[in-house]
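Here's the structure, in structure tokens; my notes come after.
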Amino acid sequence: MGKLNKYAKLLNNSLIFALGNLGSKVIVILLVPLYTFYLTTQDYGLVDLVASSQALLMPFITITAEQALLRYIIGEKDKDIINSVFSTALFISIVMLVFFLFFCVLFYYFHVWSGKIIVYFYLLVFMAALQILFSTYLRAIGKSKNFALSGVIQVLSILFFNLIFLVYMKLGVDGYLISLICSYFVSNLYCFAYSRCLSIRFSEITRVSAKKIIAFSLPLIPNYSMWWVVNNSTRYVVLSYLGLSANGLFAVASKIPTCINVFVTVFQQAWQISAFEEFDSHDRSKYYSTVFRAYYQFLFIIASFLLVLNKIIFENFVSHEFMMAWKMVPLLILGVLYQTFSSFLGTIYTANYKTKDVFLTSFVGAGISIGANFIFIPMYGEVYAGLGASLGFFIMWLLRLIGTRKIVYTKIYYLEFILLNGMFLVQTFLLFLLNDISGEGQFFVQFLCFLMTMFLSKNFLSVLFLFFKNKILSKYINV
């Protein structure tokens with residue numbers, strides 16, 4: 001791949017995935033009023049619990065076999081090997097789904113949910129597991145546009161089936177869950193049609209493929225569930241020491257940093273492809289270093305912008321009783337930043353098939369985060385609820401930086417990196433220090449800090465400008 005092309009491909013894939021994700025997010029947001037109109041608070045609480053439980057269980061049900069699928073297929077030219085890897089990953093997922101069926105029977109026996117809800121829950125998990133596998137296969141074989149489109153198709157299907165089952169037929173909880181199951185089914189049909197799965201047979205399953213997929217995938221499970229563990233452990237520590245009111249503030253404050261995850265999800269989908277493709281290239285160290293530099297600059301820009309909006313959001317769009325939650329946001333953002341930096345370096349481990357190191361560093365980071373929560377939250381209160389996560393993810397990033405340099409040397413521009421961190425801390429400090437001045441004055445100071453962050457991140461901005469300039473020029477030249 002050409003020197004310029006590999007950077008352009010990463011940005012292009014990021015743009016494709018961004019468009020797909022953005023379209024999906026907009027539709028999902030627009031559906032919320034529909035749900036609140038046709039579902040009671042109790043019904044909405046139930047379907048949210050079912051959907052959240054399904055999302056939490058997915059890494060355990062699929063054993064993250066889709067990550068092995070991605071790693072072993074990208075760059076592979078031998079169709080027999082590709083068929084064997086996909087067929088084996090699919091077989092492993094089906095076996096896990098059969099085992100999960102027994103757990104669902106236990107759920108019914110112990111009256112966790114009603115029999116009908118348990119049936120819906122199993123079908124939802126079943127369809128979601130297949131969708132993860134089929135859509136990842138699309139990404140692995142280079143069909144990025146189809147991969148992005150599959151997500152849009154799923155969300156459009158949710159809208160369509162909601163209009164039928166929820167609005168027209170007024171089926172309530174049943175209508176919501178049936179719509180969700182059907183949307184996964186439609187997405188699976190699309191992925192199946194465009195992924196050439198028809199050529200893959202279960203006769204291609206081999207013990208060798210099964211062993212390497214399981215060995216690769218199992219250590220990744222804690223990594224994918226760790227953010228949930230850290231976030232919810234923080235929630236329980238806040239609840240235990242500070243009470244329900246503080247926990248409510250934490251719940252609202254934690255919504256702001258999740259904005260970063262929208263961008264991170266998009267980039268990580270594109271980065272995995274590029275990282276695996278370029279792993280054996282002679283200039284991989286320069287490539288990984290260049291991408292990471294642009295990545296952390298971009299994320300610090302987003303983080304700084306969120307700090308600019310922080311108090312504005314809580315003063316104008318949130319109930320007065322939740323106003324003090326703004327104080328928790330900066331450290332929560334810092335935790336998310338270092339979690340994303342850790343994920344970037346974790347891709348180097350997976351590119352080199354060293355997923356055990358992903359597990360070990362995740363375990364250490366989570367342990368430090370949870371331990372620090374028990375120290376800082378009781379001593380300093382809810383404002384420091386994000387300090388444990390920030391510390392844990394920083395240590396994880398540091399461990400991965402040291403560990404991955406034995407594989408690929410990722411250069412850090414230390415002065416620039418320290419200045420960006422320092423600028424973020426200064427912006428946070430000013431947010432607290434100037435709390436009593438007018439809103440316009442606060443906005444002016446925060447916006448100046450944002451401009452300083454933009455200046456420190458000028459390398460990323462110049463790369464982005466050149467990319468879009470070349471894209472526009474190539475479009476007109478080709479016309």
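From the backbone N, Cα and C atoms, a Cβ is placed for every residue, glycine too.
Per TrEMBL, the features are:
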TRANSMEM  12-35  transmembrane segment
TRANSMEM  55-74  transmembrane segment
TRANSMEM  86-111  transmembrane segment
TRANSMEM  117-135  transmembrane segment
TRANSMEM  147-169  transmembrane segment
TRANSMEM  175-193  transmembrane segment
TRANSMEM  213-230  transmembrane segment
TRANSMEM  325-346  transmembrane segment
TRANSMEM  358-377  transmembrane segment
TRANSMEM  383-402  transmembrane segment
TRANSMEM  414-433  transmembrane segment
TRANSMEM  445-468  transmembrane segment
Per the Cβ filter (under 8 Å) with a sequence gap of at least 6 from its ends, the transmembrane segment (445-468) is approached by 7-8, 11, 293-294, 297-298, 300-301, 304-305, 307-308, 416, 419-420, 423-424, 426-427, 430-431, 434
Note to self: Quick check for me: are there 3+ Cβ pairs below 8 Å between the transmembrane segment (383-402) and the transmembrane segment (117-135), leaving out pairs under 6 residues apart?
What the structure shows: no
The transmembrane segment (117-135) in contact with the transmembrane segment (55-74), cutoff 8 A, at least 3 CB pairs, sep 6+: yes
Ranking 12-35, 86-111, 325-346, 358-377, 414-433 by Cβ pairs under 8 Å to the transmembrane segment (213-230) puts first 358-377
Is the transmembrane segment (175-193) in contact with the transmembrane segment (325-346), using three or more Cβ pairs under 8 angstroms as the rule and ignoring pairs under 6 apart in sequence? no
Long-range CB partners for the transmembrane segment (414-433) (under 8 A, at least six residues beyond its ends), listed in sequence order, are 293, 296-297, 300, 303-304, 307, 310-311, 327, 330-331, 334, 337, 442, 445-446, 449-450, 452-453, 456-457
